[in-house]
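Now, the feature entries from TrEMBL:
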- Ala35, Gly36, Ala37, Gly38, Ser39, Gly40, Lys41, Thr42: ATP binding site (BINDING)
- 9-307: domain 'UvrD-like helicase ATP-binding' (DOMAIN)
- 308-571: domain 'UvrD-like helicase C-terminal' (DOMAIN)
Amino acid sequence: MPAAAAYLEALNPEQRRAVEHGAGARDCAPLLVIAGAGSGKTNTLAHRVAHLIVNGADPRRILLLTFSRRAAAEMTRRVERISRKVIGDSAGVMTDALGWAGTFHGVGARLLRDYAEAIGLDPAFTIHDREDSADLMNLVRHELGFSKTQKRFPAKGACLSIYSRCVNAELAIGEVLGASFPWCLAWTAELGQLFAAYVEAKQRQNVLDYDDLLLYWAQTMSDPALAADIGERFDHVMVDEYQDTNRLQSSILMALKPTGRGLTVVGDDAQSIYSFRAATVRNILDFPGQFSPPAEIVTLDRNYRSTRPILAAANGVIDLAAERFTKNLWTDRNAQQGPQLVAVRDEADQARYIVERVLENRESGSTLKQQAVLFRTSHHSGPLEVELTRRNIPFVKFGGLKFLDAAHVKDILALLRFVENPRDRVAGFRVMLLMPGVGPASAQRALDHMAAASDPIAALGSAPAPPRASVHWTAFVATVMALRGRTAGWPAELLCARLWYEPHLERIHEDATPRLADLVQLEQIAAGYPSRERFLTELTLDPPDATSDQAGPPHLDEDYLILSTIHSAKGQEWKSVFVLNVVDGCMPSDLGAGTSDEIEEERRLLYVAMTRARDDLHLIVPQRFFTHGQNARGDRHVYASRTRFIPNALLHLFERTAWPTAAAGAAVARGPAVGVRIDLGARMRGMWR
Ligand code: ATP
Ligand code: MG
């Protein structure tokens, strides 16, 4: 087929080997593609899927697991683009059938709806996001009396992190505490009690948290008959970013394809950055040996993304890692300009520097979307967001506060969730407490009344109204009944929910008008989902990102700058990349425990950030930096020094500049001034600590 050859010819021989591996047979030997950043792993995977489809594989029987839903959508688009060249218009129809492309959590949620009853789960379960989970943990904590009896008992967020770590790493509480939360060791027994009660509460209320989606999926897979049934659904199972999966995820994969046949995994051990969520790089390193005969391994060493100077600097940083990563990437993309190491006075100047460069780039033809600003932690972009807003530059922020985190949006979603699953206490409390005259005690009474009944919705109707809220209560019950009866239909029922909520919103919030606009936007988002259940599930698992005007996701045709945590930037690339706060204390972060493993992970994080850039990379080093911790003088600004991951020996790989220059009007100064000031900063910080 000559047309088929065209897309294969665009690949290098190693990529092509991976794409053609197994000649499309469903029982082909397991395949591992392990290679460095920008070497075309994701692209190769997309070609492999397309190649399978154009050669007759059934797209409905391909399971494609990616790191985010955005990545799955992007992959599906690529597959379609490639296959269209061969099979023409039917490619769109085919990729529409690529229905099993998504995250482990998303796919888990869908499978569980089908298999819930087989494992004793009610298929009408609702899903808690992290905040809801923390709220439930808190409710249980109060019920057990720990918040009163145990002084300085870990906060709800810490409890949830410990719990989540135990589940995902399949470790006992004591082990997790010893390794990562040593200051909580005194409460090992109480935490055990708390977690048991938390699990019991979730079961009673028929809610699943994020971890449960994997846990129940794994549990389903532990039944041989169910495992065979689910495994049978898929001829090919493919995973991108395999280095960031955890033990539970790999055990699910092994149960899906115990012989490894039909399994393809792709990743880069130098980019493993999720160990704080119990991801383990051992998954990818141990993959080949798990099968007999062992998996086929393909390595790629040509980087197609970045210019030679950017790649040299990134390689320089990762070569200093304690661990030896074998890949040595090369590129033939020459460039005059090297990556910039830019010294600025403080975070305000850092923001101004970026705005100036971004606008300059736009003048010379780059769109905003081709540029991204990356940072270690979501709150680091604060000063930049202020500056961008002041200068009217639209932006979208990934990995930070989401549209759905806004209180008013959560209120409406809690109402829908309560209607979907009236046993969900976190949702129930949230909506009931919106009404004047309903306090925690009366909400609890109503919820207890419902919980004791076999039909909780009928019980809500017969529950006595709280005396000081009778009018509001009647309206609330009527709304719940109408929504439950699906009188208005989907998505019109959101309007019904909003009409109930409006007077409460106006009473609670002074700025009701923009919040109402958000809710109208939510109704538009809802129109894109076929049902309430799918809407709630998919929004909880992959919420839209926040934008500069806080009014939900932007229209696709708008141009906007990308702001993203490094963690959320995984797998992506931009023409220009700016990395904020490339200073010690931030990279590596001084919030972690500072073990050598943690420091090494932070080095890989910087490597991930640097390898996102195609043409243009700016690492910015503010000399004064606002920190969360306090120094001895109670001052929250510290003098920062350049990250230890770029020691003097690597400086020749960068162009060093200072901004703004002392002389007004001078564009950029070069020279040793940076190093001198940075050293001074380091000395002063040393004095304070
Ligand atoms: P990461 O480790 O960051 O996830 P990756 O290995 O998945 O990177 P891709 O994102 O697939 O790399 O590819 C990086 C860039 O290289 C993309 O722009 C892609 O289109 C391009 N590319 C990959 N393979 C080739 C090729 N054979 N010829 C030309 N361009 C290629
Ligand atoms: Mg990739």
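Glycine is treated like the rest: Cβ placed from N, Cα and C.
Any TrEMBL annotation is an automated prediction that lacks curation.
Proximity to ligand 1 (Cβ under 6 Å from any of its atoms) holds for these binding-site residues out of Gly36, Gly38, Lys41: Gly38, Lys41.
By the rule that a residue counts when its Cβ sits under 6 Å from some atom of ligand 2, the binding-site residues Ala35, Ala37, Gly38, Lys41, Thr42 yield Lys41, Thr42. If you take every residue in the domain 'UvrD-like helicase ATP-binding' (9-307) and average the pLDDT, you get 92. Under the DSSP three-state reduction, Ala35 (ATP binding site) is assigned to coil, being neither helix nor strand.
The most densely surrounded of the binding-site residues Ser39, Thr42 is Ser39 (count of other Cβ atoms within 10 A of its Cβ). Within 8 Å of the centroid defined by the CB atoms of Ala35, Gly36, Ala37, Gly38, Ser39, Gly40, Lys41, Thr42, the record's ATP site, lie the Cβ atoms of Asp268, Leu300, Asn303, Arg305, excluding the listed residues themselves.
Around Gly40 (ATP binding site), the C-beta neighbours below 8 angstroms that are at least 6 residues distant in the chain are Leu11, Asn12, Gln15, Leu300, Arg302, Tyr304.
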